[in-house]
Amino acid sequence: MSNLFQNYTRADLEFIKAEGNYLFDTQGKKYLDFSTGIGVTNLGFHPQVQVALQKQAEQIWHTPNLYQNSLQEEVAAKLMAGKDYLAFFCNSGAEANEAAIKIARKATGKQEIITFQNSFHGRTFGSMSATGQDKIKVGFGDAVPHFHYAVFNDLNSVKALVTENTAAVMLELVQGESGVLPAEQDFVTALADYCQKNGLLLIIDEVQTGMGRTGKLYAFQHYGIEPDIFTLAKGLANGVPVGAMLAKKQFGSAFGPGSHGSTFGGNKLAMAASSAVLDIMTKAGFLEQAWENAHYLQEQLTSALQVADTVTQVRGLGYMIGIETTADLGQLVKATRDRGLIVLTAGTNVIRLLPPLTLTKDEIDQGIMILQEVFEQHN
C-alpha cells in the first residue's frame, strides 16, 4: 500500500538512470524520451548541466534572499539579453505565474485579468483560478475572483471582457495542456497592439513554450512582440526546480522590499543549473539546429502518419508537437512505451511530443518509426 496521495495516475514503471536522450528502467530497458519529463529536461541529461550541479554542490547550494546572490544576477542578465526587464526567481511555473498576477495587479492598481478558455497556468489557487479549465477546480470552492476567460485566437472576445478595472491579458502562445494549439500570428499581433493602446499589460506564460522548446529561446520571439511580463520554469534548469518571472523595469517599484518573496527561489544550485542551460542554448547555432531538426521531425511525421486513418492532424511549433487522433490515447501511450518510446497526451484526443532539443536525426527517425508502427496497429 502506498504512503502517497493518489493524485497521480502512475504507470507501473520507474526510471532509475538516464544518459543523453534516453531513460532506463529498473530492468535496464532503454527508452527514447519524447516527453522530457513534461517539457523539463529540454537538453536531455546533459553532461554540462551535471558538471555545473556537481561543482556548485561542492561549494554551497542555498543561502537566503537576505544576502547578495551573484548567480541570480548572472542568470537574470542571460535571460533578458540586454532588454529592460527585472527578474524574480521562484521554484515552479505556478509560482512564476502567481508572481506575474501579483505584480500586474499592484503595478496597475486594477484587479481584473483576462486569460483564455482551455488555458493552463498552474494549480496554486491564483494560477488555478487563472486557468480556463473547470476540471482542475472541482471541489476546491470559490476561485480567486476577477479572472475572465476569452476565446483563444479571438480578439473581439477579449475586447468584450475589458473594463476600466482590467489590469492585464495573460496568454500562452501554444496551449500545451489542451492539445498543442498555437496562437495565430494575426491574433497575437493585434492583441499586443490593443493592449499597448489601451493600457493593458500583456503577460506571456512561457512556462512550457520557453527555453528553446519552440526553436527560439522564447516563443514570443516567433511573433515579433515584447511582453510587459513573462514567466518561465520547466526547462530553465533542465530538471532542477526553478521558476522565473520577468517584468519591464518600469514596474520595479511594485515589488519593493517585503512585497513578495520565496524561501528557496533563486537558490544557488538551481541558478548554477540555469546558468549552464543558458550557456548551452545561447551558443551560436544551437537553437537554429534545434529548429531545423524540429521542422524535420514535424515534416517527416506528417508524411509517415498520412496513411493512418485515426490521425486527423499533426501540428505544433518547434519541438512542441501534437498528433490529433481518434484512437485511444491510453493504448497509444502504452504501445509506444512497450516499443521503447516515451510520449505524452494533451487534451482529450492528442498525443503530445516534447522531445529534447538535443535529438539527432537518427533518434528522430527512430521515434518516427515507432510512432508509425503504433498508429498503423491502431488504425
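The backbone N, Cα and C atoms fix where each Cβ goes, glycine too.
Listed features, source Swiss-Prot:
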type	residues	note
BINDING	Gly93, Ala94, Phe120, Asp205, Glu206, Val207, Gln208, Thr263	pyridoxal 5'-phosphate binding site
BINDING	Arg123, Ser262	N(2)-acetyl-L-ornithine binding site
MOD_RES	Lys234	N6-(pyridoxal phosphate)lysine
Cα separation, Lys234 (N6-(pyridoxal phosphate)lysine) to Thr263 (pyridoxal 5'-phosphate binding site) (Å, whole number):
19
Close recorded positions near Arg123 (N(2)-acetyl-L-ornithine binding site), where close means Cα within 10 Å, chosen from Ala94, Asp205, Glu206, Val207, Gln208, Lys234:
Ala94
Highest Cβ count within 10 Å among the binding-site residues Ala94, Val207: which residue is it?
Val207
Binding-site residues near Lys234 (N6-(pyridoxal phosphate)lysine), in sequence order, restricted to Gly93, Phe120, Asp205, Gln208, Ser262 and a 10 Å Cα cut-off
Gly93, Gln208
Validating a neighbour-count step here. Other CB atoms within 10 A of the CB of the residue listed as 'N6-(pyridoxal phosphate)lysine': how many?
28
Fewest other Cβ within 10 angstroms of its own Cβ, chosen from the binding-site residues Gly93, Phe120, Arg123, Glu206, Ser262
Arg123
Fewest other Cβ within 10 angstroms of its own Cβ, chosen from the binding-site residues Gln208, Thr263:
Thr263
To the nearest whole angstrom, state the Cα distance for the pair Ala94 (pyridoxal 5'-phosphate binding site) and Ser262 (N(2)-acetyl-L-ornithine binding site).
13
For Glu206 (pyridoxal 5'-phosphate binding site) and Ser262 (N(2)-acetyl-L-ornithine binding site), the CA-to-CA distance in whole Å is 20
Nonlocal neighbours by CB distance (under 8 Å) for Asp205 (pyridoxal 5'-phosphate binding site), same chain, sequence gap 6 or more
Gly93, Asn97, Ala100, Ser119, His121, Met170, Leu171, Glu172, Phe230, Thr231
